[in-house]
Structures are given as C-alpha cells and as structure tokens.
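Features reported for this protein in TrEMBL:
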DOMAIN    54-162  domain 'MTTase N-terminal'
DOMAIN    183-416  domain 'Radical SAM core'
DOMAIN    416-478  domain 'TRAM'
Amino acid sequence: MEDIEDLLVGNGSGSPPGFRLPLNAVGVNLKKNKNKPARQLSETPISSKIPGTQTIYIKTFGCSHNQSDSEYMAGQLSSFGYSLSDSPEEADLWLINTCTVKSPSQSAMDTLISKGKSAKKPLVVAGCVPQGSRNVKELDGVSIVGVQQIDRVVEVVEETLKGHEVRLLNRKTLPALDLPKVRKNKFVEILPINVGCLGACTYCKTKHARGHLGSYTVDSLAGRVKTVIDDGVKEIWLSSEDTGAYGRDIGVNLPILLNAIVAELPSDASTMLRIGMTNPPFILEHLKDIAEILRHPCVYSFLHVPVQSGSDAILTAMNREYTVNEFRTVVDTLTELVPGIQIATDIICGFPGETDKDFSQTVSLIKAYKFAQVHISQFYPRPGTPAARMKKVPSNIVKQRSRELTSVFEAFTPYNGMEGRVERIWITDIATDGIHLVGHTKAYVQVLIVAQESMLGTSAIVKITSVGRWSVFGEVIETVNQTNHKSKVPSRKCSARKNVLPVPTAAHVPVSQNLVLVDQRAVEDRMLQNKVMFFRMTCI
C-alpha cells in the first residue's frame, strides 16, 4: 500500500511510510537493555480472517458533521464486506470517531479506548481528537485517521487488523460526497457543505482539527441532494462548523447554495431541508435572502445561531467577531420576516474573566427572547487554545451560574398556545420510549404521535392535543399524499403566504376511536435524552 504517510517507527526498516509495525515484522536490530524487556508496539491479536470479513463496532462522539463522517466510514467498510455491529463485545475492531469540543467528550473517548485496550481489541481512532492532538498519550498504540482522510478508512482498518499501527493525518483534498454511506437514520441525510471555518475563537479546539474554511462546490452539493432524494431521504441536514461562512473561499455564498438545493427538492415538500448552525458575522449581510429561503415550504423555519454570551466584553475575549446588538439584529430580523421561526442558541457559562455583570447581561438576553432551545455549557479549557491560558472563574461560581441560567431557561413555556392547532409534520424517527413516533412541524417543533412505524418517512396533518416543555403531542388527522416533482426556486416577489400549504380546519378533525393513555411527564422525561442529543447534533 502506498502513501500511508506521517509516522514511521524504525529507520530503514523497509516498511511502507506511515506504518507502525509489530517488532517481529520490522527488520530493525534493536539494542537490548538487560534490565528492560523489549517493548511490543502492538499487543492486540493479529486477525487471521480474510480482509473484509470481520465485524466492526463504530462509536461516534460529537456533532452532526462527525455523525456524517461515521456514516461515510461505515458505508465504505460495509461496501468492502465488513459487518457492522452495535455490540462492542462481538466486534473484531473498534472504530472510535471523536470530538474535541469539550473535556467530557474527550474523557469519554479516553475511557472507551482504555476499555478497548483491556479487551485487546484492535482500535482505530478518527475525528477531531487525533487530528488536533495527535500526541495525546491515550492514542499510543492505536491507529488514527484524520478528518479529511475518511475515504481511506478501509485501508487503515485492514492494516490495523493485520497488527499494524497506522497514522494517516495529512490533509489533501476534501473527501468525495458520493462515497458509500450507511445512515444512522435512513430518512436523514447529514450533508457537510464545508469543513473548517474563518473564525479564531479563543476557546475553540475544533479549528485545530478541521482547519481553515474549505467549501464543496455548489454543483457537487446540489448533485448530492438529488441523489439522496432518489434514495428516499426525507430530511437533509446541512452540516458545517459555520454554515454562514460557506463559499467565501470559492467565490460564492450561502444564499446561492441554498437556492440551488431548494431547486432540487420535491415540490410537494416530501423532503425537507434543515439549515445548519451559523455564527452571526457571516449571515448579517444575507438576512433577507436567508429569511426568504426559510419561508420556503420545503425548508424548516429553524436556525441555530450561537451567541455564547450576552456581554460584549466576553464576546471580545472569545474573539467572536460580533456584538450583542448584531446578534439581536439577526434574531429580530429573522423573527420579523419568517413567521413562527424557532431560533436556537448556545451559552458558555464561566468564560475566563466573566463577572457577575457579564453573566447578568447573558441572563437578561435569554429572558428577553425566551428561546425555545438553549444549549447551556460550562467553560472547559481546551489544551492549546488561548482561553486555556486565561485566568479561570472559580469552578463553584461556574457551576452556580450554569444552574441559574438552566433554571431560567427551563421555566419558559415556548409551546403554550399550540394546543388545538392543526399542523403539518414530517415523521422521521422513533421516540426513546418506543411508543411514539417523532415528527417536526415547519418550525421544527418536535411532535410526538402514536402511530404505526409504517408512517416513518411520511408527512401528516396532525392536531396538537397537548403541550410539554420539550415537545408537543399530536393526533394524526390524515397523511399527506406525496408526488415527486421538483420545486421551483420562488421568485423574490413571491409572498411567503403563497407558499403556505393548505391544512384542514379544526372542525374537520375526527374523534379518535383508539385512544392511548400515556403519562405525558414520563414521556417528556424520556424525551429529554433526545433533546440533549439534538443539541449535540445541531452544535455544528
């Protein structure tokens, strides 16, 4: 195998560039130390099976971009003949796709690697940790593959199963979008539109791994959308470290891309588009264009815009490159131009230098807008970032502020007033309680319904029967007939009202003949796990 690059143990060994081979496979004469036994570079058993016949366990940490990478790696391994398993015990090799955003994510990776080594499982570690911190001690003795080398995962797995330790990290070109893919949810395509970003946030470790902005072309992304619709996908999530920065490296912008994608969506709105996380600076100049696209019937009226703090002083320390007022402009403009829009945001509590006044300003901002979704996290210093060298806020104060803001946020009742309304929803998942199916309204409000699994991948008209803190409950009135015609990009002169699909009035809602009694609070508690995962998936 050629150009498996980066690291080589033993000079002049004749082994291919980048391989770390067991000592018994390397032609190197080692000096013996009488007091120390020779160190084995690999203690995991070498597989005697034919390559492509083994079973692989894949564990993914982090954001939707990571999930998409895992799905691409799973697709390539499956196409080569490997079996995929959810059981780590029965797997011949573990592939761990890692996240470096927060310390807990990396700690979970460390724990899993330790378990794998104890079980003598061959390990391949992918994702942002090895790409951004290749020399951490937990990666000793395991193979690693970089974030832009996921198209080489079959080679890395094959060599690792032979007992070799491979390190493949050099960045070249972006991985192709048409690689084989095994989706975690067959109805949802997570589509990375670019890698990296243009920012330099002082707390961010992801930039070390994903690097500077690199965008896919408009034609390649539109072509991918067309392909996945033909595959039966019903939701397309655009994924990025910063969606708003898309295209600035190749002479285009986000509205150009979104209009090209919308042109490929079926006109009956049987496949919906969800726009990914975007930081404020790069959408300020495109707010009216973004609003027009968010009003389109094939696009969820939802946007994730992280603010991180309500204090300009802290935003400056974070090097976020916008002010609180500019964030307010984004939210106010989209709220005015996109009826019913839901905006999610993020807050970091206890950033170095945050005073009581700074924190009070953050609380006031969240109270002013009463966001339905707020991802609240404590500050975690990441090694190698400027913020890690700043003077920390005492941990007890950080925890107290996080609890206070969480209490404020959880007191909101964002879905009050929805009971009795009739909404169209798109159904793509099964709830964690195993009873309900999960759908979303045009504004991406989560709706739980009791229905047959055959309704997955369909759209329906529902009546909202009750509301909770994290979701609402609905009763199906009728399913929506779906054709497969392409939609046209709406004219700029079109009113948003002309794009609204007709729904039956409440007077036409039939009385259900098969009532199912559920404990709504219990269901909501079980669904909280889903909301946590949702935030992880939308953080990018």
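Even glycines carry a Cβ here, placed using N, Cα and C.
These figures come from a predicted structure and were not determined experimentally.
Predicted-model confidence for the domain 'Radical SAM core' (183-416) is 94, expressed as mean pLDDT. The DSSP breakdown of the domain 'MTTase N-terminal' (54-162) into helical (H, G, I), extended (E, B) and coil residues amounts to 53 helix, 23 strand, 33 coil. Helix, strand and coil residue tallies for the domain 'TRAM' (416-478), in that order: 3 helix, 33 strand, 27 coil [DSSP].
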